[in-house]
Amino acid sequence: MKVLALRHSVAQVYADTQTYLHDDSKDEYENAFLISNLTAHNILYLNYSLKTLKILNKSGIAAVETQSPDELFALIRCNFTYDYENNIVYLHDYSYYTNNEIRTDQHWITKTDIIDYLLPGWKLTYVGYNGKNTRGHYNFSFSCQNAATDDDIIVEYIYSNELDFQNFMLRKIKERMTTSLPIARLSNRVFRDKLFPSIANMHKRVINVGPRNESMFTFLNFPTIKQFSNGAYIVKHTIKLKQEKWLGKRVSQFDIGQYKNMLNVVTTIYYYYNLYHSKPIIYMLGSAPSYWIYNVKQYSDFTFETWDPVDTPYSTTHHKELFFDKDVMKLKDDSVLYIDIRTDRKNMDWKEWRKVVEQQTVSNLNIAYNYLSTGKAKVCCVKLTAMDLELPITAKLLHHPTTEVRSEFYAILDVWDIITIKRFIPKGVFYAFINNITTENVFIQPPFKLKASPTDYIVALYALSNDFNSRQDVINLINKQKQSLITVRINNTFKDEPKVNFKNIYDWTFLPTDFELKDSVITSYDGCLGMFGLSLSLSSKPTGNNHLFIINGTDKYYKLDQYANHMGISRRSHQIRFSESATSYSGYIFRDLSNNNFNLIGTNVENSVSGHVYNALIYYRYNYAFDLKRWIYLHSIGKVAVEGGRYYEHAPIELIYACRSAREFAILQDDLTVLRYANEIEGYINKVYSITYADDPNYFIGITFNNIPYEYDVKVPHLTLGVLFISDNMIDEVVAVLKEMKTELFKTEISTSYNYMLFDNVYVANASGVLSTYFKLYNMFYRNHITFGQSRMFIPHITLSFSNKRTIRIESTRLKINSIYLRKIRGETVFDMSE
């Protein structure tokens, strides 16, 4: 959903669009709630309130103020991520395909021959980090840039087994045009760029678990963040390899050597960060022209000092000369050294060339060892070739993708490696490594151990659900970690599957009820975005690879109606009820009937079940941005801080009734996951509320009326407003509650329109308009620790006779209350009051 705010209506009609006119009779929160439950994707919001827009954005729903038709058209034609704190719109708009254009934010790609392999007549455009260079295309009242690129396709091609780039690109563009937009993945870079500066500013010690290549630039500005990944491939792991020969396989049609060099250097930087927690100077020998340096500098400020006879235009300092072993003394401490020296083959035959390469490999290693043997805080990444060689058993081997699989690979060495044991590795083993292993991640830090760390803030995005982790250990970590942002895969299956397939692995699945948390928010991706200054124009799909975002130790926990709130809680219900259901009242009718309340007159205004909890359960796949457990808990302890809107405090029994309705809904739909979720939420309600039942009551509250429009043969027809189980010394407390509620009780608009047999030999009249007052009275008694109400549904009725009679219908008749009293069952009246 996206909300586009306008001061004036527009003549143009757009598909999947509704118009909402601000209702001045309601406050900003109520207007926001009504907007959030509209069913169209595009909402044109007229006569808007800025506060309402802010409320929607904090809820994760993109709401943007537009000042011109051009702005409206730009936003209505595509999806986007909105930085509402800085008023920046990041479009995810691929309409540039209509210009026969693909886009990249990787500068090095523009310096390759990729254009020879594009679709006929197509071009490549560099758009800068997150499309920053496109800002000039949009002369808008808000900052706007198109973050859409085709880098995901290019990178997927590089790591694939396919060689024909044009066919690969064509297939992927067609897939993009025929499948739903993966909005979470596209907006994730924007999210990370907001998230980590925020966390790093507030917490000195930050742990990040499971970063992948898409985050390779995000963390360049955060050397103190401790990374955990899947670990490095080290020399001693090669013992498992069988010897092979040179393969000579082409990986990419266009030259990706610069990409390989960039990955090597970035891998080395992060390895350095994990050791020394600061930014190094970056020395590079060879690898000119290194256009990729421009990319790195767009994200973070580094000093690059380079040696190569060929120009390196983006280096900070370039020495247009060769580097020799004696020059090592020029290199300072607190640095990384990338050695990529390789003489051009020119016209040498392969045997002579092989000798030169092996000599250079030995020379490169000597430079590396000399560099690491003196000074402090140093890491080296060195180019090697497959040959009989001794290497430290702890050296980290790299084989990032390059244009052709030939003989080269790289090793990362630190100051400890050069003093450790070395092992002789034959050439064939290195070929086996090169032929079969591709380094897929620039983060090669050791794996994370699933243990809470009280002094750290842990971030684990899409990293812990894999089934090689113990599911219970993941739950324990989340329960015990005081400060964290951790995601786990949501169980949105229908058969309550404990794990589901994802690519070539399996993920554990989770529901919010799997965790026992306080001061934590459990929400969706868009709900989480709202907490960090972002909002989204497109929610996650209800099925597929979706995640719960669990934020521990957030200062937004008590801001119940601002973050992870009830916005959109009824949207799916509206979509169903106003399109394919038997009646738009279907939800109300089902909730009453499933709790054995057969009086459906006015069911849409006087329902016996919490619609919030019911919708949050049966449609949780659509609206899990709403943190139901937090909502229940804060109500149970009386700490609900509400800024605005129509606030109705539910009685705990209403929540129980909702769970029962949801359970029956799940059984009818054969939805085993909702069935378990409803059962567990009911258990949670009973845990946090101290609910007691007057199933063996000794007192009741009765209401008598001045006018009963039916014949009756009981002595005094009355409405039982509830039963109690109390000791005699609690009578004064009950009376005090009744006196406090007196005005509201007598203002209750009770009406009747038919009579019926409640049980055999119990003839009663219906009583409408009672439930709202009953639940308020229930809450009053609950807060005063007085047992009121039974475990079964309260059905308001007036007993007329203890004999069997036929149903009679009349025009709805208002009943005038005569008196309200407290009486002992089979005893005397102990309190009576009249208006």
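Heads up, the Cβ atoms here are built off N, Cα and C, so glycines get one too.
The active site, for 2'-5'-phosphodiesterase activity feature in Swiss-Prot is assigned to His718, Thr720, His797, Thr799; the stated evidence is sequence analysis. For 246-428, the entry in Swiss-Prot reads region '2'-O-methyltransferase activity'. As annotated by Swiss-Prot, region 'GTase/RTPase activity' applies to 556-692, with the evidence given as sequence analysis. What Swiss-Prot lists as region '2'-5'-phosphodiesterase activity' is 693-835, and the listing cites sequence analysis.
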Residue distribution over DSSP helix, strand and coil in the region '2'-5'-phosphodiesterase activity' (693-835): 32 helix, 59 strand, 52 coil
Alpha-carbon distance [Thr720 (active site, for 2'-5'-phosphodiesterase activity); His797 (active site, for 2'-5'-phosphodiesterase activity)] in Å: 7
Tally of residues which DSSP labels helix, strand or coil - the region 'GTase/RTPase activity' (556-692): 71 helix, 0 strand, 66 coil
Distance from Thr799 (active site, for 2'-5'-phosphodiesterase activity) back to Thr720 (active site, for 2'-5'-phosphodiesterase activity), taken between C-alpha atoms, in Å: 9
Arithmetic mean of per-residue pLDDT over the region '2'-O-methyltransferase activity' (246-428): 95
Distance [Cα-Cα, Å, rounded] between His718 (active site, for 2'-5'-phosphodiesterase activity) and Thr799 (active site, for 2'-5'-phosphodiesterase activity): 6
Neighbour tally for Thr799 (active site, for 2'-5'-phosphodiesterase activity), based on other Cβ positions within 10 Å of its Cβ: 17
